[in-house]
Structure formats: structure tokens, C-alpha cells
Amino acid sequence: MLASLYTSLTTKMLSVSTSDHASVVSLNLFVALLCACIVVGHLLEEHRWINESITALLIGLGTGVVILLMSRGKSSHLLVFSEDLFFIYLLPPIIFNAGFQVKKKQFFRNFVTIMAFGAIGTIISCTVISLGAIHFFKKLDIATFDLGDILAIGAIFAATDSVCTLQVLNQDETPLLYSLVFGEGVVNDATSVVLFNAIQSFDLTHLNHEAAFHFLGNFLYLFLLSTVLGVATGLVSAYVIKKLYFGRHSTDREVALMMLMAYLSYMLAELFALSGILTVFFCGIVMSHYTWHNVTESSRVTTKHTFATLSFLAETFIFLYVGMDALDIEKWRFVSDSPGTSVAVSSILMGLVMLGRAAFVFPLSFLSNLSKKNQSEKIDIKQQVVIWWAGLMRGAVSMALAYNKFTRSGHTELRGNAIMITSTITVCLFSTMVFGMLTKPLIRHLMPHQSTTTSMLSDDNTPKSLHMPLLDGEQQDSFVEFSGSHHDVPRPDSLRGFLMRPARTVHHYWRQFDDAFMRPVFGGRGFVPFVPGSPIERSTHDLSKP
């Protein structure tokens, strides 16, 4: 009896030890691959066709082939995909850094157009893809999908991934285009996830006008409350750091508090069933406007580069894993008897993505141009083509939503679900690699005078000097405005001025409100804590010297 018990315990301990060792080996290999992605991406920095996203995808594909051969066709990846891993650990640093790095003036100056593209455009794209799926899927020999499945497919493929285009665009030379592509990408991700979750939780068996209004009201509720939560969390962090001023004792504490408050905003949104993407994005904007200016110079440098590095690693991790998972034999085994069907579904979805994109980019651009009097603020046809092209690529959000809908813990045993997973993988790979490779030549052809930039993590955001740390273009503008030069925000003198230039008028009154009420309470440029002997006190003293 004791011998058998000892034997069973020994066997379990050995199996656990073997499992732990396998996990350690997998993690070591994955970290080594991340290092390889960074090195190869650096070596191919100036390449005409390849960017960092495509580099990670290709390395992932190559690794998947090697693992597939070594395991004799049993597996192609080192880690099992988890939606929780993506939504809880990888997505928050990417979205937060997007808000933290954004040029706020350009973003809010084009806020109406960005929201039109990101929210209304995503709904239009989802509708077009859903209607096309209903029409074409009936003619194919795949599983019968109900209305909820079809609408979920629309939401999945309405989620864009504009990373490749943003890596090419120069935000200093084309600020309007960059802000539109960047802003739409973030709002699009949030809208797609909110739409997907609303579809999943909504009863679609009894559709009527009342149910439609209820769906719309719930959608707007999630949008507004998520935004308010993000702003509130950012303001709390600014107030706490301004009042307590951790930097006089330890800069580590203020950096840690900024990072934890940023992550807390996302987790609070998930706790209250809101949109974590919107919450953490607006938290990033508020923290860059108030909290970042309340910390010491060394903490500003640290936080700026820490957030950027975490975002970069998360993006590389995602593309690397997508490349490996594309060759997962388990999913392809279900469609091996009818490869033509899988190819047809992928082709149809890719065509619907392009059609759905065109259905709102060009009409909404036309309407936006009607409201603009200044020619430089209008979106010309070349810029419209770039915006349309930027949204054709599908990436990690689409993959995560597809896994959430059509798999259980990364596995599926239904043929229809397997077809949707393999089609999603095919569309993501094809659009990212083919469209991504053509992005640089396309932009150089349409905008030959624009010099390309690698990413939003460029050297433009590194410290310029000790006394004015990390002043990028937007922050310099903010400093000039605060100093009293409001040349680019003319004072509105009538209701007609508001109707003709609503963005500039709102910006003018916001600056007045911000300087009079918000900054004295929450800090920010010009209202940083003044503590004798602190780095800020010393830098202020140095600036006052002749």
C-alpha cells in the first residue's frame, strides 16, 4: 500500500517537474525569439518592404515550421493562445502608450472626424461585412451560423490594425493624416470590442425598434462611462502625486505609482464590464497632460521610455505568436478535406473588408471636407486612399475576438468554427504581410516629399535638454500657449466663429478653463510642485540665471 502510494506520488512529482521544465524551455525560446525580432528589425530598419511587424510574423512562421517538423506534425507553437493573456496583459500597455504619446492638439482638433471614422465607420464596416457574410456563406458548404455569429464575424473583421502604416507615416510632416490614422485605429479597436461584447450579451431572438434603441443606448453608455472612468483615474493619479510629491524621497515610488494607476484604470473597466481600451487610452492622455508634469525630470524620462518599451515588446510578442499559431495543425486538420472552402471564405472576407472600408472612408471624408473652410484641413483624395489602405490590415484584436468566439481555451472541434479560425488567421497574415509590404512604396508614391519614420517611438520624444525634458512638438506648442501666445487659437467673437471653427473655439475655451481651474488643482506644465531642494526647484533656479 505504502509502496504504491510512494510510486504514484513520485510519478506525479516527475510529471510536474517535466511540465515545469517544458514551460521554462518554452519561455526561454520565446524570449530568445523576441531578442531575434528586435535585432533583425534593427538590421532591416531602412528596408523598402519590411517593417518590425512583418519581421516578427516571418520569424514566428519560420519558428512554427521548425517546431512542426520537430514535433512530427503535432504542434507549431510554444505557448497556448489565451484571450486573457492578450486582453489583460498585452493590450493595456499598447493602448495606454498610444494615449500617453499622442499629440493631443492634433488629436482633439480632429476629434469629430476621428470619432466619425473610428465609431460610425466601424459600425458601417461591421454592417457591410455581416450582410456580405449572410449572402455568401449560404452558398458555401460550411456550418450554419445564426444571426449572433454573423454579427460577431462583422465585429471581428471590422477591427483594424494600422501599426504598419503608422510605422511609415511621419507625424511631423503629415500631422493631419497621422492623427486621423492613429486616432481612428484606437477608437476602432475600442468600438469593435464594445460591439463584439454587446452582441455576445444581447438577445437577438426578439428584434424590434425598442431592442435596437436599447442596444444603441447600451453602446453609448459603455463608451461614455469608459471615457469618464479613464479621465477620473488619470486625475486621481495627478492629484495624489502633486500633493504628496514622492520625488523628494524616492523617484521609484512615483514611477511605480504612475504605472500601477495606469494598469488599475484598465482593470477597473474590466471589473465594471466597461471598455478597458477606451478607459486606459483616455487615462494615458490625462496622465501625459497632468501627472507626467508633476514628477521629477528623471521620472519623466523613465516613464516615457518605460511605457514605450512595454508597448513595443507587447506588439512584437503578439505578431510573433500569431506567426507561430498560423501553422497550428489542429485547426487546419478540420478543413483539410475541403481546402477550397477555407480559401473561398478567406477571399470573401478579405473582399468584404476592403468594401466595408471603402463604404465609410470616402463618404465620411467628403462630409468632413464640407465642414472645413481651410484647404489645409481638408482630406485630399491621396490621404483618403492612405486612410483606406491603413485600415485594410487585420491583427491581434481580430485574432483575439475570433478565438473568444470560435474556440474554447484555444481549441476547437467543430468544422465551422475551425474554418472561421483558419480564415481569420489567413486574412490577418495576408493583409499584414502583403498590404504591409506595399505600404512604404504606396506612401512614397502618393506622398513623394514625405520622409518616413519607423514608429511613434522615434527620437522625437527623447529629452532635448535637462531644463525642458522630452518636449515633443505638441508639448512645445502647449508650453507656448501657456506662456501667453495663443496665435493659433483665435479668440471667437461670435456664434458664427464657433460654427465656422468649432474645434478651435472649443480648444480656446478649454485652455482658459484648464489654466484657471484644472492645472492649479491637478498640476501640469506651469503648475508643478515647488519643493525646496527638489530637482524642479534647482532647474527653475538655473533657468532664472542670466
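Cβ coordinates come from backbone N, Cα and C, glycine included.
Annotated features, as they stand in TrEMBL:
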{"type": "DOMAIN", "residues": "31-443", "note": "domain 'Cation/H+ exchanger transmembrane'"}
{"type": "TRANSMEM", "residues": "22-44", "note": "transmembrane segment"}
{"type": "TRANSMEM", "residues": "56-73", "note": "transmembrane segment"}
{"type": "TRANSMEM", "residues": "85-102", "note": "transmembrane segment"}
{"type": "TRANSMEM", "residues": "114-138", "note": "transmembrane segment"}
{"type": "TRANSMEM", "residues": "150-169", "note": "transmembrane segment"}
{"type": "TRANSMEM", "residues": "176-199", "note": "transmembrane segment"}
{"type": "TRANSMEM", "residues": "219-241", "note": "transmembrane segment"}
{"type": "TRANSMEM", "residues": "262-287", "note": "transmembrane segment"}
{"type": "TRANSMEM", "residues": "307-327", "note": "transmembrane segment"}
{"type": "TRANSMEM", "residues": "348-366", "note": "transmembrane segment"}
{"type": "TRANSMEM", "residues": "386-406", "note": "transmembrane segment"}
{"type": "TRANSMEM", "residues": "418-438", "note": "transmembrane segment"}
Two-stretch contact, the transmembrane segment (348-366) and the transmembrane segment (386-406), at least three Cβ pairs under 8 Å: yes
The transmembrane segment (219-241) touching the transmembrane segment (307-327) per 3+ Cβ pairs under 8 Å rule: no
For the transmembrane segment (176-199): best-contacting stretch of 22-44, 386-406, 418-438, by Cβ pairs under 8 Å: 386-406
The transmembrane segment (418-438) vs the transmembrane segment (22-44): 3 or more CB pairs under 8 Å: no
Within-chain partners of the transmembrane segment (22-44) [C-beta distance under 8 Å, separation at least 6 from its ends]: 50-52, 55-56, 59-60, 63, 78-79, 313, 316-317, 320
Tertiary contacts of the transmembrane segment (219-241), as residues 6+ beyond its ends and Cβ separation under 8 Å: 119, 190, 194-195, 198, 254, 257-258, 261-262, 264-265, 268-269, 272, 274-287, 290-291, 294-295, 521-524
Contacting positions for the transmembrane segment (114-138) when only residues 6+ beyond its ends and CB under 8 Å are counted: 107, 145, 150-151, 153-155, 157-159, 179-180, 183-188, 190-192, 195, 223, 345, 348-349, 351-353, 355-357, 359-361, 364, 367-368, 387
Contacting positions for the transmembrane segment (56-73) when only residues 6+ beyond its ends and CB under 8 Å are counted: 33, 36-37, 40-41, 316, 319-327, 329, 429, 432-433
Intrachain residues whose Cβ lies under 8 Å of the transmembrane segment (150-169), provided they are six or more past its termini: 51-54, 122, 125-130, 133-134, 137, 177-178, 181-182, 184-185, 188-189, 191-193, 195-196, 199-200, 204, 315, 349, 352-353, 356, 386, 389-398, 401-402, 405, 420, 424, 427-428, 432, 435-436, 439-440, 443, 450, 452-456
